[in-house]
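Undergrad: Encoded as structure tokens, here's the structure I'll be asking about.
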Amino acid sequence: MDNKFSIFKKGQYVLDLGSFPGGWSQFAAQKVSHGNNNLVFSVDIQNMDAIPNVIFIKCDISNEIEILNDKFHNKKFDVILSDMAPKACGNKQVDHANIINLCEMSLDIVIKFARENGTFITKILQGEYEKEFYQSMKSNFKLVKYFKPKASRKDSSEIYLVGLGFKKDFQ
């Protein structure tokens, strides 16, 4: 994904929502860190092993958003990632609605904490509410693209939306 969209650059601040087990955080830290600067903030409800140059915050963004306000103060992020996924129940429509709900919560965090022209990447499941969420992304970003990793099964409804060029003045 980074090869296609050139997302990460040295010195950027990155927020990783739903960071457990830490793959995205580790990759981002390798791309953006210089020296011993902590430029990546990881947030999850599950504890995560320590990663160099990553600050981990344990919280549930659905009901503990004030924790992020306290930790970030007025910090703005260049890149916000959301790989959050609810526990699957096996019903495709319910699972889809639940992940879209997490995407909407993530977008609210983007609106609050993203730097102008920032990037937002979120995992979604294709389905009934996908186009509505895509339109919400288009309202907030100059460009929105779909991305399906090569490693993803062809029959999987899991896909990523990549928002480029956050329109801070829209708010």
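Cβ from N, Cα, C; glycine included.
Features from Swiss-Prot:
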ACT_SITE  Lys123  active site, proton acceptor
BINDING   Gly22, Trp24, Asp44, Asp60, Asp83  S-adenosyl-L-methionine binding site
Undergrad: Take the C-alpha atoms of Trp24 (S-adenosyl-L-methionine binding site) and Lys123 (active site, proton acceptor) and report the distance between them in angstrom, rounded.
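TA: Each residue's Cα considered, Trp24 (S-adenosyl-L-methionine binding site) and Lys123 (active site, proton acceptor) end up 12 Å apart.
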Undergrad: Indicate the candidate from Asp44, Asp60, Asp83 with the smallest number of other Cβ atoms within 10 Å of its Cβ, considering only these binding-site residues.
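TA: Ranked by other Cβ atoms within 10 Å, the binding-site residues Asp44, Asp60, Asp83 bottom out at Asp60.
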Undergrad: Express in Å, rounded to the nearest integer, the largest CA to CA distance found among the S-adenosyl-L-methionine-binding residues Gly22, Trp24, Asp44, Asp60, Asp83 named in the record.
TA: 18
Undergrad: To the nearest whole angstrom, what is the C-alpha distance linking Asp60 (S-adenosyl-L-methionine binding site) and Lys123 (active site, proton acceptor)?
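TA: Approximately 17 Å lies between the Cα of Asp60 (S-adenosyl-L-methionine binding site) and that of Lys123 (active site, proton acceptor).
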Undergrad: Are there residues of the same chain, six or more positions away from Lys123 (active site, proton acceptor), whose CB falls under 8 angstroms from its CB, and which are they?
TA: Ser82, Asp83, Met84, Ala85, Ile99, Cys103, Glu158, Ile159, Tyr160
